[in-house]
């Protein structure tokens with residue numbers, strides 16, 4: 001074992017060109033051997049060289065982060081309003097300026113705390129994706145986190161591995177390594193014994209051992225970490241939707257401001273300061289200041305929920321794409337099956353008279369590896385009475401993804417040479433009869449897919465049959481075939497793909513959502529958007545439903561934001577233009593400040609009834625629903641103002657005092673009406689059914705009660721000359737609550753009307769489709785996983801449905 005001083009010497013000598021000197025010189029300089037390091041020596045070297053990972057980006061100083069959140073594009077509009085208040089408003093401009101600054105600070109603090117929580121969630125998820133590697137320590141192979149590797153370690157590299165360090169290859173045949181992301185070279189590069197492989201490159205073919213020569217920041221590249229960062233930073237459709245919604249809100253406010261300026265200043269010849277106050281009402285009340293942060297936090301909080309159910313999101317915005325998937329392509333091995341092979345000895349067929357079944361098994365086992373075994377190797381070696389029989393001196397020809405074959409040359413006890421091949425050719429499969437049983441859960445899982453809009457259908461290929469199949473794919477699809485299938489499906493569908501191997505990498509990258517199953521190769525994990533930590537199909541169903549719930553939560557908030565903007569702009573604009581009533585900017589500011597508490601609750605609310613069909617953030621739906629809700633609420637606000645300020649309807653009906661001509665009390669009454677209705681709207685939006693059928697989240701309900709208790713108390717007792725308000729008493733407060741309750745119910749009816757107009761008969765069509773799929777699926781118990789020896793195809797589901805039916809679903813084996 002190397003001493004502390006010699007380890008320091010190693011660190012100095014590593015600066016030499018270890019990739020160029022003879023391999024024996026590498027072992028000398030690194031003070032190591034082909035038997036690997038001991039555990040104790042590995043720990044000592046880890047102290048000297050540090051962990052095998054890139055340094056994390058330094059966290060921005062709290063002050064810089066705070067100001068970055070405060071000076072966002074939407075905040076600029078509010079800041080402009082603060083400057084307008086300071087320069088042009090009436091004598092209360094200074095107080096209004098301070099109030100707007102207070103709103104900005106409160107919003108920024110909430111955003112800061114939420115984004116801090118979000119960062120912790122992302123860090124937790126990434127910790128679950130730490131790359132693994134097989135390392136030789138204390139003479140034994142074991143799977144360890146790649147971060148423990150140090151120069152001098154011996155590692156095993158196999159197809160699908162992302163090489164975790166810079167290393168020199170040891171004895172063996174060759175590796176094919178894809179280093180295009182590092183060097184730009186197209187296609188795999190062949191590497192032989194003694195050559196260097198780089199951290200972050202992907203092993204495509206072959207299996208060799210290597211000695212580590214550089215780790216962490218000392219490697220040629222940090223591609224592994226870069227892969228995750230790149231995918232996390234993709235925004236695409238989500239960013240577009242947020243930008244479009246922001247633009248709609250700003251344009252609506254700009255239209256309202258333009259109309260007010262033209263009518264109030266040039267037509268009505270009103271005082272300039274009154275015009276400014278009315279403009280401030282539109283700007284302060286209409287800008288959805290917290291929307292970008294709220295949507296981001298909803299997604300990150302949702303990713304934590306997914307993490308707890310066995311799903312890690314590498315790209316946050318993949319949650320939106322996951323909710324929209326209507327075609328899910330699945331690999332067979334390990335997903336539909338257990339990926340635990342067994343050998344059925346009773347089905348072994350021997351074609352040579354001089355060979356026994358036991359000898360066939362022995363030959364297959366000798367063609368398998370003892371250490372670092374894959375599923376097939378483990379099945380073959382495990383079929384022997386004594387696994388030690390499988391070994392003598394051997395020279396290996398490693399598994400080849402192109403030929404799908406491996407071969408070993410060995411010498412038996414008599415000194416005779418033998419060569420044994422193991423692979424996928426039909427004659428070898430017939431000899432060994434390897435069997436990969438279907439998961440017991442696959443029947444119910446596919447049924448659940450159909451019930452939730454993920455339409456999974458036939459996966460079969462019959463040469464001689466009268467059965468019409470919806471989709472048919474041959475056995476042993478290659479990587480290129482999968483890629484083209486996904487590409488074709490994406491012309492009409494949002495396509496998800498489940499994969500696990502290096503051959504799935506191009507398709508995983510191409511798919512709208514790439515999903516790596518549990519125990520997938522490092523290359524597949526790096527190429528995917530979502531990584532599963534639990535086996536089987538049920539976890540995917542949970543992930544889809546959770547994604548739809550998260551997306552629905554985001555949709556609820558965006559509709560709410562658009563509705564409030566439309567309501568504020570057109571409600572207060574008509575009141576100001578028709579009756580020349582100038583609502584106090586202070587009261588709009590009070591509504592905005594109290595809404596911050598509800599905004600925080602929205603991010604924590606749980607959706608109990610997510611969409612039963614694939615869903616997405618559709619701008620048409622968001623805009624149409626928001627405009628209808630906002631216009632209706634603006635209308636009932638205008639009607640309330642007219643009835644309370646211009647008529648005696650309320651005094652005659654409820655025996656409350658007359659507010660006609662009393663501007664200060666009317667200000668309080670209008671404030672309470674707007675405050676209640678604004679927040680009550682969310683109870684309608686958050687439910688797919690009647691609002692009273694689906695109970696809102698406890699935090700959201702508690703927030704509503706708290707905020708409206710404060711608002712009601714303020715309206716009843718407040719007397720503030722600067723804001724031009726005077727308390728209206730409990731009688732008027734009760735009347736306003738009753739008025740809002742009466743006009744609240746039509747919002748639910750409007751919700752169903754909007755949904756019907758936007759979707760038409762789509763919902764009924766989908767219900768018919770689900771029944772069709774379930775009826776077809778009933779045949780699964782009789783026809784599932786039939787292995788036809790004549791043409792070597794697998795039938796997972798027979799469907800006698802005409803191809804013209806709009807059935808969506810793909811799988812391959």
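Cβ coordinates come from backbone N, Cα and C, glycine included.
Feature annotation from Swiss-Prot assigns active site, 4-aspartylphosphate intermediate to 331.
Marked as Mg(2+) binding site by Swiss-Prot on the basis of sequence analysis: 500, 504. Taking the Cβ of residue 500 (Mg(2+) binding site) as centre and 10 Å as the limit, one finds 24 other Cβ atoms among all the protein chains shown.
According to Swiss-Prot, the feature phosphoserine maps to 776, an assignment based on similarity to another entry.
Here Swiss-Prot flags 1-66 (among others) as topological domain 'Cytoplasmic', drawing on sequence analysis.
Taken from Swiss-Prot, the feature topological domain 'Extracellular' applies to 87-94 (among others), supported by sequence analysis.
What Swiss-Prot lists as topological domain 'Cytoplasmic' is 116-245 (among others), and the listing cites sequence analysis.
Here Swiss-Prot flags 267-275 (among others) as topological domain 'Extracellular'.
Sequence annotations record features per position, and here Swiss-Prot assigns topological domain 'Cytoplasmic' to 294-555 (among others) based on sequence analysis.
Among the features that Swiss-Prot reports, topological domain 'Extracellular' is placed at 578-582 (among others), with the record citing sequence analysis. Non-local neighbours of the topological domain 'Extracellular' (578-582) in the same chain are 268, 270, 274, 277-278, 638, 641-642, 645-646, 663, 666; each lies 6+ residues outside the stretch with a CB under 8 Å from one of its CB atoms.
Break the topological domain 'Cytoplasmic' (606-622) down by DSSP state and the numbers are 4 helix, 0 strand, 13 coil. If you look up Swiss-Prot, you'll see 606-622 (among others) marked as topological domain 'Cytoplasmic'.
Summarising the annotation, Swiss-Prot assigns topological domain 'Extracellular' to 644-664 (among others). Non-local neighbours of the topological domain 'Extracellular' (644-664) in the same chain are 579, 581, 670, 724-726, 728-729, 731-732, 735; each lies 6+ residues outside the stretch with a CB under 8 Å from one of its CB atoms.
Residues or ranges marked as topological domain 'Cytoplasmic' in Swiss-Prot: 686-697 (among others). Counting only same-chain residues 6+ beyond the ends of the topological domain 'Cytoplasmic' (686-697), those with a CB under 8 A from a CB of the stretch are 556, 601, 604-609, 611, 748.
Marked as topological domain 'Extracellular' by Swiss-Prot on the basis of sequence analysis: 719-726 (among others). Residues of the same chain lying 6 or more positions beyond the ends of the topological domain 'Extracellular' (719-726) and with a Cβ under 8 Å from any Cβ of it are 92, 95, 584, 586-587, 662-665, 667-668, 671.
The topological domain 'Cytoplasmic' annotation in Swiss-Prot covers 748-813 (among others) and rests on sequence analysis.
Annotation comment: Swiss-Prot describes 67-86 (among others) as transmembrane segment. Only residues 6 or more beyond the boundaries of the transmembrane segment (67-86), in the same chain, are considered here, and those with a CB under 8 A from a CB of the stretch are 60, 93-94, 96-97, 100-101, 103-105, 108, 111-112, 115, 246, 250, 253, 276, 279-280, 283-284, 287-289, 291-293, 585.
Per Swiss-Prot, transmembrane segment is recorded for 95-115 (among others). If you look at the transmembrane segment (95-115), the same-chain residues 6 or more away from its ends with a CB under 8 A from one of its CBs are 65-66, 69-70, 75, 78-79, 81-83, 85-86, 89, 280, 284, 289-290, 293-294, 296-297, 585-586, 589, 592-593, 596, 599-600, 603, 722.
Every protein chain shown contributes to the tally, and the Cβ of residue 504 (Mg(2+) binding site) ends up with 30 other Cβ atoms within 10 Å. The largest share of C-beta pairs under 8 angstroms with the transmembrane segment (556-577) comes from 623-643, of the ranges 246-266, 623-643, 665-685, 698-718, 727-747. Between the transmembrane segment (727-747) and the transmembrane segment (665-685), three or more CB pairs separated by 6 or more residues in sequence fall under 8 Å, so the two stretches touch. Here the transmembrane segment (623-643) has Cβ contacts under 8 Å with residues 248, 558-567, 569-571, 574-575, 578-579, 581, 649-650, 666, 670, 673-674, 677-678, 681, 684-685, 736, 739, 743, 746-747, 750-751, 754, 757-758 of the same chain, all six or more residues outside its ends.
For the recorded site, residue 504 (Mg(2+) binding site), the DSSP three-state label reads helix. Here the topological domain 'Cytoplasmic' (606-622) has Cβ contacts under 8 Å with residues 237-238, 241, 244-245, 320, 323-326, 451-454, 494, 545-546, 548-556, 558-559, 562, 686-689, 694-695, 697, 758, 763, 766 of the same chain, all six or more residues outside its ends.
For the transmembrane segment (665-685), the list of distant contacts is 556, 559-560, 563-564, 567, 571, 575, 581, 583-584, 587, 590-591, 594-595, 598, 602, 629, 633, 636-637, 640-641, 644-645, 659, 691, 696, 700, 704, 707-708, 711-712, 714-715, 718, 723-728, 732-733, 736-737, 739-740, 743-744, 747-748, 751: same-chain residues at least six beyond its ends, Cβ to Cβ under 8 Å. Same-chain residues lying 6 or more positions outside the transmembrane segment (583-605) and placing a CB less than 8 Å from one of its CB atoms are 85, 89, 92, 95-96, 99-100, 102-103, 106-107, 110, 114, 277-278, 280-281, 284-285, 289-290, 294, 297-298, 301, 553, 556-557, 560, 568, 572, 575-576, 667, 670-671, 674-675, 678-679, 682, 686, 696-697, 699-700, 702-704, 706-707, 710-711, 714, 720, 722-725.
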